[in-house]
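Residues annotated as domain 'Major facilitator superfamily (MFS) profile' in TrEMBL: 1-194. Per TrEMBL, the feature transmembrane segment maps to 21-39, 45-69, 76-101, 165-187, 224-244, 256-277, 289-308, 349-371, 377-398.
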Amino acid sequence: MRKYLDVLRIADFRRLWTGSTLSLLGDGASWTAMAWLAVTHGGAASLSLLGLCYTAPILVGGVLGGVVVDRYSRRMLLIVDSLCRGGAMGAVPLLALAGLFHLWQLYAAAAVCGLFKILPIAITPAVVPELVPRDRFAAGTALETIAQGVASLVGPAIGGALIPLLGAQAVLTLDAATFLAFPLFVLRMDHRLPRPSGPAGARADGSRSSWLPVVRLVLRDRPLLAITVAFSALNTAAGMLMVVQPWLAHDRLRDGAGVLGLLVAGLAAAELIGSFAGGTLDAATRPMLRIGACQLLAGTGLLLLLGGHLPAVLAGQLVFGAGSALATVSSQVVRYARTPPELLARTMTLMRTLMLGAIPLGSLVAGPLLAAHRYTATVLVMAGVTVVPGLLLCAVRVPAPPAGPDRPADSAEEHLVEG
């Protein structure tokens, strides 16, 4: 715990982390509200379409984000992201208040949020090394994941509790307010979060936005490629689970929005537990084996969902969430250690875009299966796409990391050991 408190004493990191956590808190509540609006107005098919609209634009946003994250101030980009997503989310309750609400408007708002979502996902981890000393880096990385877990735990619980009291539209209004709060924290930071400086001799024309060196790095670096493929599969299962949760609450368990909030918050609590544990682990002599074992654990936990009973579902989500969070924290250390500083933001953007881009695939698969009452098949597919890549990760060994122009190979090794 002292490691985390030491990092949070760094004022700029604390401001960024707090603002990001508030924004993520609104995300957790708003997803519960959007999913409830979709399932009550259109059933499983609407859930599948909502999941697609919320996650598929991440692919487009990732391509565009990779062009801008290294060319413009990260401070400005975080503010633009918050204003755009806050405006889109706030428009839905305004339309409902005017009596003009239709489901396609919910899909459109979800698409706008998905389009811009990649910016903070890529920028926040990329600036952590600029705000946190190397000896506290592992704790800083874990806190980023913990922020997602804390917000995702509390957010859905708030959403599930407020929907019966105030309505889903009011929850979306609260989310819009949290988006507007994030820029205030960013503006209070002393660090200006400028665009990163490139390596010596870098051209000012298109070198900051070229995908070629990033794609080449990921394809040639076996651990980075393996992590990208395996986590894309893991997120396919996560995308399916996004559709399964509201379907279970509405069609199988029939206990309303409160149970949906419990399911989403329960998964977030598991991820939080895994994130805390991951930040306290010592360095692994075979980090890829650790990552693979955690993914195997996550996939095995999904099998507990087969019965469809609430206690077993919660237990399965606990194992899945904790295992996936442990894998995420461990993989972050490997990713940072193997990426040259001048490519870090674009590499994070590419990898996270590919990983998160698998979520809509999961939504597309789960929707038709559940509409056809193939719940058992849905669970088995989720478990399979998680377990098989986990086995492959266990077989990958970490060679010496590549040395960038400003990063000697030995410094990257030290960074990996510290994680």
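Each residue, glycine too, has its Cβ placed from N, Cα and C.
Counting Cβ pairs under 8 Å to the transmembrane segment (349-371), the stretch among 45-69, 165-187, 256-277 with the most such contacts is 45-69.
Each of 21-39, 165-187, 256-277, 289-308, 377-398 was scored by its Cβ pairs under 8 Å to the transmembrane segment (45-69), and the highest score goes to 21-39. Sequence-distant neighbours of the transmembrane segment (165-187) (same chain, 6+ residues past either end, Cβ-Cβ under 8 Å): 15-16, 18-20, 22-23, 25-27, 29-30, 32-34, 36-37, 75, 78-79, 82-83, 85-87, 89-90, 92-93, 96-97, 101, 158-159, 193, 257. If one looks beyond the transmembrane segment (256-277) by at least 6 residues along the same chain, the residues whose Cβ comes under 8 Å of a Cβ in the stretch are 28, 31-32, 35-36, 142, 145-146, 148-161, 163-164, 168, 241, 245-246, 248-250, 294, 310, 313-314, 317-326, 328-329.
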